[in-house]
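Per TrEMBL, the features are:
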DOMAIN    8-188  domain 'Thiamine phosphate synthase/TenI'
BINDING   Q38, L39, R40, H41, K42, N70, S109, K138  4-amino-2-methyl-5-(diphosphooxymethyl)pyrimidine binding site
BINDING   D71, D90  Mg(2+) binding site
Amino acid sequence: MKKLDFSLYVITAENYHPGKTMEEVMREALYGGADIVQLRHKTAKESELLEKARLLRGLTREFGVPFIVNDYPQLAIEADADGVHVGQEDHGLREARELLGPDRIVGVSTHSLDQAMAAEDGGADYIGVGPVYPTGTKPGRPAVTLNYVRQAARHVRIPWVAIGGIHLGNAQEVLDAGATRLCAVSAIVGSEDPAAVCRSLKAMISSSVSGAGEAEIMLNGGRHRTGSMTLQQLVEEKGLTGRRIVAEADGTIVPREEWSGLRLRSGMTVELVHFVGGG
Ligand SMILES: Cc1ncc(COP(=O)(O)OP(=O)(O)O)c(N)n1
Ligand SMILES: Cc1nc(C(=O)O)sc1CCOP(=O)(O)O
Ligand SMILES: [Mg+2]
């Protein structure tokens, strides 16, 4: 079953917690509210990875959250993971999708809007947007800065998660730039109290996303304050449910099936054009 409803993504990194097992740390993260987990281990042999993947598969099942394997689509299948995450240089989205089929999750790292659009067109289920800040977890990868987060917020239509150098001290500015999902690695698994860090990040995400209360958007050329959280809710608020409408957000036509996933943000420009019947 493909389930992709998450706000806090946690990735393993055993080098950050000497003296504690991966299972202990990830269990704490799950207690704290991690709602998707990835196994990432860049140096383990495949047999060792499979063992770790099976362990995490069991643990994530206990908590009912999706489990993703980094880099290895075939291993994801063998471990009965929910999906795989591939980078720009890995097996590639197409190959992963061919192996995993339509029902498992395929996530893709992106470092620019062009890559995001290509991943969207290629059928990715979600994308990573980063690294937002320079990070020792992915040394040598230049930061994309908050500029790419802002672009993703405006243009990306599939779920996307901000990643890279995110911690409690800077998470708010990432959320303010438009992120609604965060991924943190060292800040969580390297902390003394992974559950507490997860709880704090989750609280920041939920107050930023839902606690924003009202958004001020430009609707059909006029300023409009709305409590609607999504484009779908806005259509309902305007009494246009069931009408023949074309909806545009920030200059791009939004297909009807994406209305309920498109979150309204202050400053967004929305056009709702409805057609009056006639012959
Ligand atoms: C959620 C998420 N986003 C990005 C990455 C990085 O993937 P990649 O660019 O392939 O780099 P490695 O992780 O393989 O070193 C990720 N793993 N997860
Ligand atoms: C594995 C990875 N991929 C990234 C990307 O942007 O593609 S950033 C990253 C590391 C994230 O770890 P931390 O939270 O410790 O910075
Ligand atoms: Mg990779």
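Glycine is no exception: its Cβ is also placed from the backbone N, Cα and C atoms.
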List the Cα distance (Å, whole number) between R40 (4-amino-2-methyl-5-(diphosphooxymethyl)pyrimidine binding site) and D71 (Mg(2+) binding site).
8
Three-state secondary structure, which DSSP defines for H41 (4-amino-2-methyl-5-(diphosphooxymethyl)pyrimidine binding site):
coil
Where N70 (4-amino-2-methyl-5-(diphosphooxymethyl)pyrimidine binding site) sits in the secondary structure, as DSSP reduces it to three classes:
strand
Please report the Cα separation of H41 (4-amino-2-methyl-5-(diphosphooxymethyl)pyrimidine binding site) and D71 (Mg(2+) binding site) in Å, rounded to an integer.
9
Least buried of the binding-site residues R40, K42, going by other Cβ atoms within 10 Å?
K42
Cα distance (Å, whole number) from K138 (4-amino-2-methyl-5-(diphosphooxymethyl)pyrimidine binding site) to D71 (Mg(2+) binding site):
14
